[in-house]
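Here's the structure we're looking at; comments come further down.
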């Protein structure tokens, strides 16, 4: 670092100041370089740590508004919802030797504890919520979006029931079952997605040096 003499040519005294370059930083001592030396030190180990931090930051995905992707995910989750629900209904109906029907899926009045088809349908809806939570894990993969997609799937199911029976679902049992399914699907799906997101973050990826 160079210093300008405090004495001018005419003999007057003026304050000494360091010779600076660029934006006013002393020569060879920029703020970024001083901060880098304070945080990481000098040498190959510091460079390795810096590269490891940059790689860690690169693992965080940046998300942008993509309507086509969101629409594709909605269609995919709706397919998973009705596909797995149909499989569960066929399975439980086969166990009790009952014939499956679309009424078990879209008729809001059939759900209840008083009839065997109603109990089977309720069981299938609960099991289907667990299956759809796995669908959130594999196809959505973001904990913050699990509730949004869960509500969207059940909203379209509400419209399907309304269209199938030509009347708005008013049975209290149907609404209770849907509320339980929404809670199970959203909570379990968010839990699974958050576990996956935490596994993708390396906590100690800096190389060790043998001293």
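From the backbone N, Cα and C atoms, a Cβ is placed for every residue, glycine too.
What TrEMBL records for this protein:
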- 68-91: transmembrane segment (TRANSMEM)
- 120-140: transmembrane segment (TRANSMEM)
- 147-165: transmembrane segment (TRANSMEM)
- 171-193: transmembrane segment (TRANSMEM)
**OP:** Determine whether the transmembrane segment (68-91) and the transmembrane segment (147-165) share at least three Cβ pairs under 8 Å, counting only pairs 6 or more apart in sequence.
**Re:** yes
Original post:
Same-chain Cβ contacts of the transmembrane segment (120-140) under 8 Å, 6 or more residues past its ends?
Top reply: 73, 76-77, 80-81, 84-85, 88-89, 92-93, 96, 98, 104-105, 110-113, 146, 149-150, 153, 173, 177-178, 180-182, 184-185, 188-190, 192-193, 196
